[in-house]
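Chemist: Handing you this structure, nothing more for now.
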Amino acid sequence: MATPFKVLIVGGGVAGLSLAIMLEAYGFDYELLEKHPDVAPKLGAGVGLTPNGARILDQIGVWDSMCEYASPVDAGIALSPTGNTVIFNPHMGEWLEKLFGYKIHFLSRHDCLRILFDKIKQKSNIHLRKEVTRISVGQPGEKAQVETKDGSTYIADLVIGADGVRSSVRNELWRIADTEKPGYIPNRDKSGIVSIYTAVIGIAHDPGLPRGGSARAYNHLRSYFTQEGVEGSGVFYWWLCTKNEEPIKGIVPKLSSDTKQTLLDKYADDQIGHGLTLGGLYKKSVYSAIIPLQEFVLEKCFYKNILLIGDTFRKLHPVAGQGANSAIEESALVADILWQLRENNALHDAAGMKQALTEFQEERFVRTTALREDANLVQRMESFDNLFMKFLSLHVIPRLPFVVAFLPQLGSAFTPARCMKYLPPPKAGMCPFSPDMQAKPNPRSPLATISWIVFLTLAACFPWSVHRLLPASSSSLPGFSEVFQLYTSVMAVSISGLWVIESYKASLLISPMFSSLPWILASNYWGWDKTLPVYLCFHVISSQHTVHYYTPQFMTDLGAAKALLPCLAMAYSIPGILTALASTDQTLSDWWPVAHCTFPVLVYVSSTFLRGMKAVPQGVEVVFSSVDLPYQRRFLTAIAVVSSAVHVTLIWNHGAALLNEGIISLLSVPLARTLASLTALIVAWGIYMTWEMRRIFATEVSLVKAWAVILVSTVLLGPAASLAGATYWSKVMLEKATSMQPLVQPTNGKS
């Protein structure tokens, strides 16, 4: 007979009650301690349930009940400080359900907790008015003893702290760890708890807000959020989030009603709806409270057999609505870990338990740190943290398509999530979640990012450095200047093609790579060998976080994808024809820079025309699919074929003469150094790109084989063809690894 294993959950919030249901479903013995007299008090405002949490709630059988008392977020609205609409999309809920299987729903915290509690079968395992005062742990593998304020004692194999920001379990874990293993808890865990914002939350009845959906109102150093309650109830949840004058370190005591009233009076005239001010909303409110918004993510969330989850382990800014959903994710992961340990007969194996909890700690630290950073960025933008954020919020983002500017960013918060492995799977949408993907993106370490930036920089500088070290040469190679100029121009076609493709990726929308034209203009002015390394270094920096790979990696504009090849032919027709005819026109070299700049403009104009004529599909079916890949393939293949033909022709005609001149003579010519720098950069970029694909498990191709192919193709076909080929290869690998299957089919292969 198996040795009994008991879990003691401290805290009856979303995390604790969800975990209790999961442990029952998996057949584990547990007890739950809650210090309040009611497991579902009518306190707090609302809870937002996003697809990553909804799918787990569906697995444990409470989602349908939640929906009965919840309001779906069908539309997205954002208002300026003057009350004008800057963003409106009535299809948000429909699109989210299509993509991820579930809409966002909003319900009262009371109803959420009540539904979770009602689902629990063994209600005798729930103990109210049990405030934990002390925890004792023995040697690894021994049981923990938990004492409560009323003198009760509980024994468990694993104690899970889910008792919120002001956690007694966390305090006990720190006390025990500091006593037994000083330094185990990093100082930044204790000093990293900070409150940057304060919120006033409330519930209003018939305040005059439009029914359905949610609304956000932007303002200087503050923002607002409103959401309708159950349809037909007339109830609206609202909140004001305002930035503190200075960040407050540590756990913040509860704030007074006087502080709340001061904020309400200060911002009473703020427009938060059409014809509605904060003062008017407050007059219609039946409940309001003030809370400090504390933020932190602990590096250490367990010691021996004490584990922290939910707001005990991390506290996120609520603007992104991921607090409760992250708690549900953590509960599901704990339940899965215990199931797997039981399957391996390792529940009482101290080493096995430590390893499992370490993996939990590492995974959740990465996940919740990303969520915290994302939420903080959203709040900074909505509250105009600086002039740049204000400009983006009011003048840039509202002009971008909703499916490009918002849905991919929302999706990147949902799709890294797990669900429960050992229960029937939840509903699936068009986008895969992390467990369904071959790729396993993790954040790249700062050291790796810096190392690759240094590597790319050295590659760019290498030819120039060698030139300085080698003996001076008097040869100027006058007969080869036109050859070098032509070769540089052909390489620039491949480089600008890469830039244009990348500029249509949702993951680079708010980055220096959002448009290719500035980079091309800079290259024409300063030189391609000076601009390309800067671009590639920015790309390395932009892709270091997990969110980059959970955002669609393909072109968001099918019209632009279809226009790539025709526009390439149009833009480069004149310099191409003049070159093919061996023209001696002195203005030939002037046509290439013009063509480089014309190409992205033609792509943009063509895509705008195609969208205006409704000649291409639009919306989520394009943004979240790889339907653009066939058009990218044709485009990059054309570049590879033409550039390799130029490479082979020039090598055939001039290779022997160039070899006779020698390295010293070649590197004495500036154009030759430019070519060498670009070639070294392209090889270095290919090396980095294959390493990155291996790092995120997007390919199983060995690095030695991949790097050999890059070097050989660069020598035989030229760097421009090598760049085009490596770019397309990486797109195909990402498409397979992220399971982004086409949602619409290309039309008869015509572009």
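Including glycine, each Cβ sits where the backbone N, Cα and C put it.
According to Swiss-Prot, the record shows the following:
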ACT_SITE  Tyr218  active site
BINDING   Glu34, Gly48, Arg109, Asp311, Ala324  FAD binding site
TRANSMEM  8-28  transmembrane segment
TRANSMEM  446-466  transmembrane segment
TRANSMEM  481-501  transmembrane segment
TRANSMEM  508-528  transmembrane segment
TRANSMEM  563-583  transmembrane segment
TRANSMEM  590-610  transmembrane segment
TRANSMEM  639-659  transmembrane segment
TRANSMEM  663-683  transmembrane segment
TRANSMEM  706-726  transmembrane segment
Chemist: Determine whether the transmembrane segment (508-528) and the transmembrane segment (563-583) share at least three Cβ pairs under 8 Å, counting only pairs 6 or more apart in sequence.
Modeler: no
Chemist: Roughly how many angstrom lie between the C-alpha atoms of Gly48 (FAD binding site) and the residue listed as 'active site'?
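Modeler: Cα of Gly48 (FAD binding site) to Cα of the residue listed as 'active site' measures 20 Å after rounding.
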Chemist: Sort out the sequence-distant neighbours of Tyr218 (active site) for me: same chain, 6+ apart, CB within less than 8 Å of its CB, listed by position.
Modeler: Ala78, Leu79, Ser80, Pro81, Val86, Glu382, Ser383, Phe384, Ser393, Leu394
Chemist: Taking the Cβ of Asp311 (FAD binding site) as the centre, how many other Cβ atoms fall within a 10 Å radius?
Modeler: 26
Chemist: At a 10 Å cut-off from the C-beta of Gly48 (FAD binding site), count the other C-beta atoms across all protein chains.
Modeler: 23
Chemist: Pairwise over Glu34, Gly48, Arg109, Asp311, Ala324, annotated as binding FAD, what's the top Cα to Cα distance to the nearest Å?
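Modeler: Roughly 23 Å, rounded to the nearest whole number.
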Chemist: What does DSSP call Asp311 (FAD binding site) in the simple three-state scheme?
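Modeler: The three-state answer is helix.
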Chemist: Would you mind listing the long-range same-chain contacts of the transmembrane segment (706-726), meaning Cβ under 8 Å and 6+ residues beyond its ends?
Modeler: 490-491, 493-495, 497-498, 636-637, 639-641, 643-644, 646-648, 678-679, 682-683, 685-687, 689-690, 699
Chemist: When a 10 Å sphere is centred on the Cβ of Glu34 (FAD binding site), how many other Cβ atoms does it contain?
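Modeler: I get 23 for this one.
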Chemist: Hey, of the binding-site residues listed (Arg109, Ala324), which one tops the CB count within 10 A?
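Modeler: Compared across Arg109, Ala324, the most Cβ atoms within 10 Å surround Ala324.
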